[in-house]
Amino acid sequence: MVVAPSQVEQQNWTPAASAQLYGLDQWGDPYFSVNARGHVLVQPRGDRGGSLDLVELVEGLQSRDLQLPLLIRFEDILEDRLERLHGAFERAIAQYGYGGHYQGVFPVKCNQQRHVVEQLVESGRRWHFGLEAGSKAELLIALSLLDDPKALLICNGYKDQRYIETAILARQLGRQPVVVIEQADEVPRIIEASRNLGAAPLIGVRAKLSTRSTGRWGSSVGEKAKFGLSIPDLLATVEALRDADLLGDLRLLHFHVGSQICDIAVLKDALQEAGQLYVQLASLGAPMGFLDVGGGLGVDYDGSRSATAASTNYSLQNYANDVVATIRECCEPQGIVVPTLVSESGRAIASHFSVLVFNVLGQSGVNQPSIPEAVEGEALIVRNLRETLSGIGPDNLQEAWNDALKFKDDALAAFRLGYLSLTERGKAEQLYWACCSAIADLLPGEEELPDELKGLKAAFASTYYANLSVFRSAPDTWAIDQLFPVMPIHRLEEQPRELGSFADLTCDSDGKLARFIASGSAKPLLELHELKDGEPYWIGLFLGGAYQEVMGNLHNLFGSTNAVSIRLSPGGPYRVEHVVRGQTNSDVLEAMEHNPEALLERLRQASEEAIGSGDLSISAARRLMQHLEGSLRQTTYLEE
């Protein structure tokens, strides 16, 4: 067992100490905190009142036969995110005397689940909040759900003729589609479709900005960006639309500088460049009217408020202020009417609203190395290791590590030359690992360690076996090393005395959670509690509401988890609005083109053969088939 160093001297542990330890006061504000019972508390409406004890909520859901792992969606948080986003822009518009307004859209790709998109459309109706589609399937979702004629339907992504025609025909349904030209070859397709259908959509253009971005999504901008028109392509598009008598339909300029803008300076540079492009397009005769600043409004996953990959060095209000002020400064001196401002802030809207709760199935760790008894006539190398072990203290950790490593290597060399017996070599290795364990227990925080000592803690840390699939529920942790806040949702009044990481259910060494938030960085181990016999240990993964549900896969055939939508209720603590049962074994088999009925039939035939050979009785065969049929109906995850 490795004791968390920052806690060794802590005597009177409190829930507030846990909140500080896990950074809850930073990344969780204003939706998550800790109550006096040591449970995570959810405030779905932020500082506007109302709260739920997350542990009591999970217990209530389990009593409804909804077992872990469980994805809990808080509808009030989703609505609150919309209110905060629009409120920030409304304050900025008032502060800077901006002559236009803000009208956002939600990128459907962030979370295509029907209940999520439906709620966003309904909650955003008062602001004419719209949707963004990046494929034909997403366009069909948006067309069916977005029934507000004043809401924007931004059509991005690669487009064939059917995609473009579908968008144009949507105007006949009272929708307001904007087909954004992202590739030069889309221009003739739009012209042809408009002629064939006798109607044109509102047209937008996406510009490749020269502004350099940072972080893992930095490739979204620049000359090598996947989408967007270069300046020559932009000018050619204007002339092609003019020749086709469609320039009057060019209404929107779009740019995008990454899914998570960590540094506000990147946004400022992009806004200045895009603002001037907007002015020039208007000067060339396009009526314009909308400026879509794309996605990128970031989420402070680690609470450090820094320009690192898991954080942002700006607030929501800071973001809105810079967008409004910069575009006003670009347009007004040139006599250009300021545009309606559009953003595709999917990550900032959806990340906070869902919490994945999973249970721990077991725990394993490296046993404390035993120390062999000293005997007369021990080899010098063994005596040296024994002396090193007895002299380890907080002030000589590096020296002790160097000595232990040297003596271990000496023991191996002596054994190879025949100067050390197998028994003595075994003693040397036991003493070496005892030295490592003693050093690991006294090490300070990871950020203070020299490189050669950083692996010691992990070598003695515990592995907690989690009832989930990382590939299904948090794929970005594996794919791009994304950091999400992970912490126990109860026992927070207790001092966590172990350091550990999580292994998931898949038969894959990458199936793990082994990077955890630290202030402005990441750490390989998380402070956790020792498991208690007969008591559950529940862990929450937070801020995963964007992308994780829709990007998860069926690795090892672990399917979707149970999911519920929760809303605060005036007549009680909460109301379960929607329940979506997780995939069963039968569901995932069918997804892989296996026929469950055919599978059962083959097993039935095998049981008949066993009956015929006398290996199985009829009653045993019946019980076997009932068990197999029941297994097909069960969840893919382990039952408690």
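Cβ from N, Cα, C; glycine included.
All chains included, 26 other C-beta atoms sit within 10 angstroms of the C-beta of Leu297 (substrate binding site). Among the features that Swiss-Prot reports, substrate binding site is placed at Leu291, Asp292, Val293, Gly294, Gly295, Gly296, Leu297, Gly298, Val299, Asp300, Tyr301, with the record citing sequence analysis.
Less than 8 angstroms from the CB of Lys109 (N6-(pyridoxal phosphate)lysine) sit Glu132, Gly134, Ser135, Glu138, Gly346, Tyr547, Val550, each of them six or more residues away in the same chain. Taken from Swiss-Prot, the feature N6-(pyridoxal phosphate)lysine applies to Lys109.
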Count of other CB atoms lying within 10 Å of the CB belonging to Tyr301 (substrate binding site): 23
Sparsest Cβ surroundings (other CB atoms within 10 Å) among the binding-site residues Val293, Val299: Val299
Per DSSP, three-state class assigned to Lys109 (N6-(pyridoxal phosphate)lysine): helix
Spatial neighbours of Leu291 (substrate binding site) that are distant in sequence (at least 6 apart) but have CB under 8 A: Leu252, Leu253, His254, Ala274, Gly275, Tyr278, Ile327, Pro339, Thr340, Leu341, Val342
Chain-internal residues near Gly295 (substrate binding site), provided their CB is under 8 angstroms and they sit 6+ positions away: Pro107, His256, Gly258, Ser259, Ser343, Glu344, Ser345, Gly346, Arg347
